[in-house]
Amino acid sequence: MPSNKSVSDAPITQFINCRILRDNELQREDLWVREGRILDPEKLFFDEQGYADKRVDCEGSIIAPGFIDVQINGGYGIDFSQASENVSDGVSFVAKKILEHGVTSFCPTLVTSPPEVYHKVLPQVKVHDGGPHGAGVLGFHLEGPFISAEKKGAHPEKYLRTFKSGGLEDLMEVYGSLDDVAIVTLAPELPGSQSVVRELSRRGITVSLGHSAADLSQAEEAVQHGATFITHLFNAMLPFHHRDPGIVGLLTSDRIPAGRTVYYGMIADGIHTNPAALRIAHRAHPSGLVLVTDAITAMGLPPGRHTLGQQVIEIQGLHAYVAGTKTLSGSIATMDMCVRHFKQASGCSVQEALEAASLHPAQLLGISHKKGKLDYGSDAGQSRLHLYFCIPAVRAAVVPPLCPQRFLGCKYGLFSWGGGCITVDQSLQFL
């Protein structure tokens, strides 16, 4: 029996003087953690007669779930859509780097590529939990190649595919396997797509609608067959029109099956989406907004030329373009930048901004029983954390939200692993 009379020998950490993001509110109470799990203090005190082995003074900061990025193409010189013998090493490197920006779980994203790339890359990376070594992998996001040529964006047209063989056969021919796949983005107007939506949904894979010229009725049909996500809303889809709002109309559609939520990704980098459009989406359907970075190889690197799958990308200031064009190709924003910009541009609350990067993506993927929340309960396994602890040393209020320089001078580093929990730097109170 340990000295504090707890039923476990593992040390207990108590976070004090903090505000906990729980039940859509910032609650002023302590947080108790043991082995990466949140403890119910009432049960700890009365059932175990336990107490804290270590106390951490959060100095009034916010404790929030770690961020989840469901669309990230790479970063720091790593392109997930480049086939190599050490893909897993590249994914691990990015996983380590994005911890610095609060991301604790992510979906490595592959853009439209030839089949041999999928066959080479997908078997090398498996779903796994995060930790001090890096953010956890929730499964791949396969964005293409079953998308619209009209709305291909930065995806190379010569590798686009249609469902010629009836659906599943086409998927297997291109991807090789659906193991460790979390999300597939496709265009619902493609002939045969609805049977694909049904089969992917049956397998527990999230179907996202994107890079599509679908009208609203086609999008609604896909949702009725199981689609639950929209890839980077407003981008690479028909613009909103009052007679047919297209995929955007799903945000207020009355043909969504009862009990189902349609979520939508937003790249809140200040470039992909005008603040007014961001506000329209958020006010129309706040509970469905999922912040994504759509970050590419160039994230964390100086301007220059980089790759995104089979394309060459040129960074001009904060813009990423297909070289020689003005076609946007992903972003160079980190998730904490997106949270700050979303808060500033939308006028939402701090808790709404944080939940758009944590709770909502967890709900989208059906994992909110173990990620995206700071709940405790009788089933301790459902309270397992993969989160971070941030010493409130940076004050970003006076620095533009997209300026990376605001991180300089942080004594402890912006985010670092600490006891399975994370506090959010007080700059989130600014915005």
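Cβ coordinates come from backbone N, Cα and C, glycine included.
The active site, proton donor/acceptor annotation in TrEMBL covers Asp294. Annotation for Asp294 (active site, proton donor/acceptor): spatial neighbours Gln71, Ile72, Asn73, Thr109, His232, Gly265, Ile267, His272, Gly330, Ser331, criterion Cβ-Cβ under 8 Å with sequence separation of six or more.
Cβ contacts within 10 Å of His211 (Zn(2+) binding site), excluding its own Cβ and spanning all protein chains shown: 29. Sequence annotations record features per position, and here TrEMBL assigns Zn(2+) binding site to Glu143, His211, His232.
The annotation substrate binding site is assigned in TrEMBL to Ala154, Asn235, Ala236, Arg243, His272, Leu328, Ser329, Gly330. On its own chain, Arg243 (substrate binding site) has no residue at least 6 apart in sequence with a Cβ closer than 8 Å to its own Cβ.
The domain 'Amidohydrolase-related' annotation in TrEMBL covers 62-380.
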Determine the mean pLDDT over the domain 'Amidohydrolase-related' (62-380), rounding to the nearest whole number.
94
Taking the Cβ of His232 (Zn(2+) binding site) as the centre, how many other Cβ atoms fall within a 10 Å radius?
25
Neighbour count first, Cβ atoms within 10 Å, every protein chain included; then name which of Asn235, Ser329 tops the list of binding-site residues.
Ser329
If you pair up every Cα among Ala154, Asn235, Ala236, Arg243, His272, Leu328, Ser329, Gly330, the residues annotated as binding substrate, what's the maximum separation in angstrom, rounded to an integer?
30
May I ask for the distance between Ala154 (substrate binding site) and His211 (Zn(2+) binding site), taken between their Cα atoms and rounded to an integer number of Å?
10
